[in-house]
Amino acid sequence: MTSNPNAGSPRKKMTLPRFLAQKEKGKKITMVTAYDYLWAQLFDEAGVDSILVGDSLGMVVQGRQSTVPVTLDQIIYHGEMVVRAVKNALVIVDMPFMSYEVSPQEAIRNAGRILKETGATAVKLEGGESQAETIRALARSELAVMAHVGMKPQSHQLLGGMGRIQRNEAQLIADAKAAEEAGAFGIVLELIPADLAQKVTDAISIPTIGIGAGPHCDGQVLVSPDMLGLTPGFQPRFLKHFANLRDAAIDGTRSFIDEVESGQYPDASHSHE
Ligand SMILES: Nc1nc(=O)c2c([nH]1)NC[C@@H]1CN(c3ccc(C(=O)N[C@@H](CCC(=O)O)C(=O)O)cc3)CN21
Ligand SMILES: CC(C)C(=O)C(=O)O
Ligand SMILES: [Mg+2]
């Protein structure tokens, strides 16, 4: 076991000021994705700081090839289920592809819908420098917004593939600084070299949350089904399986099948008089 000074201490409700303060205190921020009530309740109880209703929904829940087809109505439907389950974690909802790119006005309207209809605290959009005007418009409307730079899955066609490591240092620093200056409260850094993520993290005063971005970020995010070993085909270098739920679930299901077929289940103790 790793020693964790916070283990067992009662969790407080995560707020935006607390989220920001964790960078100053050097306390790592934890974030996982969730898409429904069942799992969100479990992650909140485990004590994660933040839950992201990611547009990875399209891939891990809907079985699509990318995040691009996810719609605003779908992310709102899932966001609402997650918020209903959460007591302490900060809930952030991804803005789907084409829900913020057309104009800052449209982004405000759509982010407003997400926050009003789900009850989440914040939204996240992909981009830094290129979306600075939109980030500023959202922040001015008092909508909490997180940026996402490095590998941007919604732009996978332009990047030439979903898993391409991003190494353009000048662009990454410019993206992070532009997002901070425009009013983002945090930035996801996806698939960038560890030394570069450290430079970005040191260059700004808002927290960086890494995925495939090394140990120097202010926090870490993983797609929860990946983290728990439920997505067998997906094994990028950054991913660690913290549990093997897929085997546990298959074993349990096979036991059910065996016991029903053999007549072992239900026995008298699982039957009503
Ligand atoms: N299930 C799931 N997990 C994720 O982390 C995730 C999604 N879906 N969908 C949206 C994006 C896409 N992500 C991806 C997709 C592919 C790689 C990948 O293939 N990475 C390899 C190759 C890197 C390279 O050498 O260019 C790796 O080893 O990291 C990484 C992240 C992260 N996000
Ligand atoms: C991987 C995280 C950061 C994300 O954007 C998602 O799950 O959609
Ligand atoms: Mg996303």
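Using the three backbone atoms N, Cα and C, a Cβ is placed for every residue, glycine included.
Those TrEMBL annotations? Automatic predictions, nothing curated.
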TrEMBL records ASP55, SER56, LYS124 as 3-methyl-2-oxobutanoate-binding residues. Which of ASP36, ASP73, ASP94, ASP175 is assigned to the same site?
ASP94
Neighbour count (Cβ, 10 Å) for GLU190 (active site, proton acceptor):
22
For ASP94 (3-methyl-2-oxobutanoate binding site), what is the secondary structure by DSSP, using just helix, strand and coil?
strand
Within the same chain, and leaving aside ASP55, SER56, ASP94, LYS124, name every residue whose CB is within 8 angstroms of the centroid of the CB atoms belonging to the recorded 3-methyl-2-oxobutanoate site, in sequence order.
THR33, LEU52, VAL53, GLY54, LEU57, THR67, VAL70, ILE75, VAL93, MET95, PRO96, HIS148
For the C-alpha pair, I'd like the distance in angstrom between SER56 (3-methyl-2-oxobutanoate binding site) and GLU126 (Mg(2+) binding site), rounded off.
13
Have a look at the binding-site residues (ASP55, ASP94, GLU126) and report the one with the fewest Cβ neighbours inside 10 Å.
GLU126
